[in-house]
Structure formats: structure tokens, C-alpha cells
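The structure under discussion appears below in the form of C-alpha cells.
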Amino acid sequence: MGCWGQLLVWFGAAGAILCSSPGSQETFLRSSPLPLASPSPRDPKVSAPPSILEPASPLNSPGTEGSWLFSTCGASGRHGPTQTQCDGAYAGTSVVVTVGAAGQLRGVQLWRVPGPGQYLISAYGAAGGKGAKNHLSRAHGVFVSAIFSLGLGESLYILVGQQGEDACPGGSPESQLVCLGESRAVEEHAAMDGSEGVPGSRRWAGGGGGGGGATYVFRVRAGELEPLLVAAGGGGRAYLRPRDRGRTQASPEKLENRSEAPGSGGRGGAAGGGGGWTSRAPSPQAGRSLQEGAEGGQGCSEAWATLGWAAAGGFGGGGGACTAGGGGGGYRGGDASETDNLWADGEDGVSFIHPSSELFLQPLAVTENHGEVEIRRHLNCSHCPLRDCQWQAELQLAECLCPEGMELAVDNVTCMDLHKPPGPLVLMVAVVATSTLSLLMVCGVLILVKQKKWQGLQEMRLPSPELELSKLRTSAIRTAPNPYYCQVGLGPAQSWPLPPGVTEVSPANVTLLRALGHGAFGEVYEGLVIGLPGDSSPLQVAIKTLPELCSPQDELDFLMEALIISKFRHQNIVRCVGLSLRATPRLILLELMSGGDMKSFLRHSRPHLGQPSPLVMRDLLQLAQDIAQGCHYLEENHFIHRDIAARNCLLSCAGPSRVAKIGDFGMARDIYRASYYRRGDRALLPVKWMPPEAFLEGIFTSKTDSWSFGVLLWEIFSLGYMPYPGRTNQEVLDFVVGGGRMDPPRGCPGPVYRIMTQCWQHEPELRPSFASILERLQYCTQDPDVLNSLLPMELGPTPEEEGTSGLGNRSLECLRPPQPQELSPEKLKSWGGSPLGPWLSSGLKPLKSRGLQPQNLWNPTYRS
């Protein structure tokens, strides 16, 4: 190929000739290093000896941190950044690059590897532009990440993709009216012509968004460009929202890992397809390939000539828009519509990972604006005791981390106890002895004083669950009538009708064992019930009660919860054993879930140094499947739970045969209160588990529970951590509305995190149903890579050291139900008890002395 002008450029000791043709865009790069701008004597980063021109990116000093972030340097649109822009953007950081000034690599950033080793390279493609009336969301750019072995001084070429341009605000008054929603000129012209996108009726052309540019990371090998990573750009949105958007799932991200695969460009029509690795642009609207300069395609000429639309593709091969959206750039460019109709979005490009790399994470569409590249050292910590280490820039090595109270030995592997210099032993003994004697004297005086007041203080004790249980057993308190509260113990109680199909339990058949804690209405007890149909043996249950003094609203809420709980019959929803609503005290009897709530169980099961977790990845997947089964049942019965969270899920036991069940319907009950939808009443809204449409507009559908289930998955695989760590509810609201999503928990398998991200789609229609979630969880249980994943080691103190209550011997096996010969009705009668005051007429019997002391077995999920 002939050249009109030739430019000779040298990089160090390696030289090559770059052949450029100003009048043609069909010149391809064969063996050309990055063309540089002329060095400036005022720029300290550039030095130019008489015969050799060095790049402006010297090797990083030994003190440089092992993480580098590359951006668009503030550039946007079709063209890449300049050297001046990148110098300003990277000022004050460890990133030093050389930016191409001309030719096919104009806008490409050159960076040199500071030292040999393995590097984790993460690339983010740019998002596509929004359409004039399709602006609720944009097509996300794709994220890819892999590990590469790089040598000292090796040159990496980095092209950071730029976001495709939006159609609005438009370039003419008429187009601006369309953007504001005050004009339907495009739709009216389409209706009159009857063409809806057929070429020839171009008066209404334009209004689509440009395709997003791809992000490329490549190097030169044997005189040829070799791609390492290509993160595809998102396709541009069309003028109108697609008609079938609500009935189709989002297309999966595409990945290519064959070096010999062709890097072709996307097909297009009036809107251009995305540029590929080696393609040739067939039209001005098509995005240029990397070897053509990777410029974004122009907007179609008809759009500019009529309504002033000019939505170009982003730098990185994004296709220009017309009425349809442009295709996204990539290793292979995304296609654009050939008919240019009103609702044809551009397709995303195809990502690429070199086969010589170690795949770190499957591609995922996450980027909502410009692309970026992050490079960090990949540390090999397999030799460390905790399998964890950190990079020491001064020593240029990975230093192992040791537990608290220990230090690293000289061999950089062994952890040993900290050396504590011995103190003056005699003085220490004297101080301890004196302090002990003084403390004993003070305690003796206090004991003598307190003994005189002990009887009075016993009468003034604050109410507690155990005190309330004692009062129910012995008290005969009578209350005066108050019109604002229901009467307790005065006259006959109002009879409430029972729902059909629910077992009515007489209070005479209920025995209280011990208090579990406080609920939303009153106390919750562990107890025994006899006389159930078809079962003569006593059954352990959890008993919800209504307090002595209650308002009419409390009575209605209690009845509503009873109706909701008794409605469901499923193995993964806590079963309602029976109700007692015809006389006071009102009772709801639930099956006793001895394993406690899921959140506390997960926190207690975290692995610690010297204390492995009793759980494996299959156990976590089983917990998720159990709750998904319950949610699927609710979804099929058109019931919206509104508060799927780990704290509201209970375990039948803590052993291997555990079954997880949904155990709280408080949010579902509260929606029937008139005050529920008042703006600003955030106390009733669990913001961290709710999608944007729920806390912004008060819209609840089955897709609301899908979002909450994604957060529950995050809780399960983080072993009980609070979602959105370190953020307040208001910060979470702003973060989610702004498009932010949580990162995967440490050690979470990629397929499981993909289920979370699908549940967190901004558009409710794009979130999967629970039938689809169950299918994807089943795939995970059949994936050896997922099942063999290890739980991350916890470096902090164990729950016992933190003072939290553990599960004790409950973690070894399920609680066995009482045997009939141990708890026969005759023995229950022999236990006896004193009169129960207001409970006397109902015949409710407490369990007398069995040595049962108050224990913190209360689960907050038992509350409403």
C-alpha cells in the first residue's frame, strides 16, 4: 500500500514505520507503535534526545501502589482524549500514559508495566445513548476481568470506550419539543406515511441514541496487535421504547475467546453498526474498528438535515444513530436495525478475553456511562497461613497478614506471638492486690445497703417477658373500663369468627413453658398444646398473645395477622397450628422453629481461624432454594410479601436437616392500615430490601419480592452481613435510585451473583420470576465450580468473643419433639398451677417448676 506521507517513530530500542494516508480511512495498522505528539520542553514527563523519542510513561517507581485506574480523561463523543487532557486527569496519581496524537491509534493510551508478575485487568465498556422518548434506561456497557502475566517494561495499549450520545436535547426547536414530550411529529409522520421505518419516508428521521464504545486492552506481539481484553459497549436506544420490552428477557452478554475468530463489524442501515477489531466501516454512520481509528459513527444525515438530531456513537467503535439506535462497539460490533423503525434498539457488541488468560469473572452488563480500565497486581497468597496478603511497594513483594496479637516472622510466612517485655512483677502484684481488696470492701458495703431495699426494689422491677409470664400465672388484676382500650376480664369477651379450614384451639389445652420475648402485640411464649385433631400427643408450639390492654386497632391488626398466617399451607412457610379468637386471651399458635432466625444462624456459622464453618456452599444454596420455594408459592397465589429478608426467615433446626421457612408477614399486614402510604413515614419501609419503585411511588408487585430475594441472596452468601455496609437508609435510597448496585460478597460464585444482579434490574419487568430463580439455583447446585467454592475466612472475633448469643448445642442436631410417654395429658394435669386471674375462665395452664430459666431464645421474626 502506498503512503502520501510517512512518519518514523521510535520507542526505546524498538522502531517501526507508521504509514498514514490523510485521504483514506482504509489504512490498517500492521506493525506500528503509538504515534506521539511532539515533546514540549515545559512537560517534565517527556524527554526527547536528538535521535530517540521516548514515551511519556516511564516505569513506575518502587513506591508506586499496585493499582492503576484509566479513564476517558474527560473526553466524550466520537473522538478520544488528547495528551493534555490525560495529563490533567491523572495529575496527582501514579498513572502516567502517552496518548496517541495521530493515525489509527489517536486517543489510545500507552502504559508500561512497572514490574514482572501477574496483573488483574478489569475493563468496562461504555453505555449506549438514550432515545428521545426511550430515556428511562440506557443499555449498559459490559464488564470483563481476567488475570495476565506481564513482564517488566512491557507496553500495554488502552483504549477507553466513551458513552454513545443521547438524542436529547436535540439540535433544533422542533426536536427539543419532541424531547420535552410536547410534540409527536415523528409518530404523526410515521402514521401518515404508513411506513414506520421503511426507507423513503425520511422527514421524521432521527431521535435514536448512539452506540457505546468498546474498551480495548491490547499489546504488540511479533509486529501484530494482540487483544487481551475487549469490553463491549452497549447498544443505543431507539426513538421509542420497544413494544415487547415487558414480555422478553434481556439478552445475555456475548463473549468470544478464540484468537482466530474474525473481529467483524455489526450490520446496519440508516443507523450504523458497531465497529469490531479488524472490520471496515461501510458507511459514515458505522463505528470504526480499532485498526481504523475506533472513532464513533456519525448520526444519519437525514436526521441532521430535518430535525437536527446528531447522536453519534462513542469513541471505541460505537455506531451512529438514526431513528433506530446505533450498535455497540466490541471485538465484533453490535448490529443496528436495517429498516430503521421507531423502536429498534441497537445491539450490544461482543466481548473478548484472550485464551492465555485466567478467566476471573464472566461478562456482566453494569456500566451506565463512560468506560474505564483498572489494573492491579494479583497477589499469590497461597503460602500464607490465612491465605491473605497485601502488597508492600517499598519491598516489592506480597507480605502475609497475621491474626490480631501476632506478628510476621522474618521468613514472611510464619506468624508468631508478639514479644511483650516483662514488667516489674512485684509492683504489678501489689497493685492488683490493693485493687482487689478495695473492690471487695466497696462491694460489701453496697451489698449491705442493697439488702435493706431489696424487697422494695422487687416490687419496682421493670416488666420483662418472664415477669409477664409470672403475672399470667398468678395475677387477679381487674381493670377499670376505658373507652380507648379493649376490656380485659370485665364481662364476656367478644367472639371473633374463625377463618374456614383453621383449627380452633381451646385455651384449656394450652400450657405455657417459658417466655421467648416481645412481639408487636404482646408476649410470645414457648408452650405445649394437646387435643389437636388426629394427634393425641403434646406438640411444642410458639404462642403469640394479645396484651391485657389493647386498642381496637391492635385487635384488628392481630385478627388480620391471624387471617394471613392461617391462609397458607406450604412446607417452606411457617405453619399455623391453630387459633383461639373466641375468648380472651387471643392466641395464635405457630409451629416452633428451634433453629432461630436465618440471619443469626448465618452470623454464628462464619468460619474463623481454628473454627471451621459447619456450612458448605451446598448448604447456602439449599437455604436459598427453600425460601425461593416459599416465595414461588406466594407468587402463584398472587400474594406479595413485601419484606423478604434473612431476619424474617426461620430454621426448623440448626443441624444438617434444617429447613428454611418464611415466618413473618408484618409488612403484608400493615398495608391494610390507612397510614401506610403516607409520604415520609419511613419507619414502615425496609429501604435496604426494597426496589426503587416501591419506596418512590409505593408500587408493590411480585417483582418487588424478586428484588428483595436478591438482597436475601446477598445476605446468605455474605453469611449474615448487613446489606449496603456503612450506608444509611437515605444513602441507600440515593445509591439505588442513581443506578448503583452492591458488589458480590467475598467468595461468592459468579453464577450466584448473576442471579442477584438479575433480581436488581431497574425495570421490574426484567426481573425473573421465582420459577426462573428456582431453575437458576438448580443449575448452581449442579455446577462443580460453585459447589467447590470455599467460604471466606473471617479475621474478626468469633460470635462468642463479641458477646453474641450462640446456638450452643442446637447447632449439633435438631430439637427432638417430646415423646408421648414423657408428656402425656395425665402428666400435664399433674403439673397443676395456681389460678391465673383473667386467664381463669379460659383454662390456660402454665407449666410449674421444671428448672426452666429465662433464655434468650427469642427470635425477632416472631413479631408481626
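Placed from the backbone N, Cα and C atoms, the Cβ positions cover glycine too.
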Subject >> Disulfide-linked residue for Cys86, taking Swiss-Prot as the record, within Cys19, Cys73 >> reply: Cys73
**OP:** Run through Asn380, Asn509 and tell me the one Swiss-Prot describes as N-linked glycosylation site.
**Re:** Asn380
Original post:
Among Asn257, Asn809, which is annotated N-linked glycosylation site in Swiss-Prot?
Top reply: Asn257
Original post:
Whole-number Å distance between the CA of Cys179 (disulfide bond) and the CA of His518 (ATP binding site)?
Top reply: 55
Subject >> Per-region confidence, the domain 'Protein kinase' (510-786) (mean pLDDT, whole number) >> reply: 87
Original post:
If one measures from the C-alpha of Cys86 (disulfide bond) to the C-alpha of Val524 (ATP binding site), what distance in angstrom results, rounded to a whole number?
Top reply: 64
**OP:** Calculate the distance in Å between the alpha carbons (Cα) of Cys322 (disulfide bond) and Cys168 (disulfide bond), and round it to a whole number.
**Re:** 13
Original post:
Using DSSP, what's the helix, strand and coil tally for the compositional bias 'Gly residues' (263-277)?
Top reply: 0 helix, 0 strand, 15 coil
**OP:** Name the one residue among Cys168, Asn257, His518, Gly522 whose Cα is closest in three-dimensional space to that of Cys300 (disulfide bond); these are the recorded positions.
**Re:** Cys168
Original post:
How many Å separate the Cα atoms of Gly522 (ATP binding site) and Asn412 (N-linked glycosylation site)?
Top reply: 58
Original post:
Once the DSSP letters are reduced so that anything not helix or strand counts as coil, what is Cys168 (disulfide bond)?
Top reply: coil
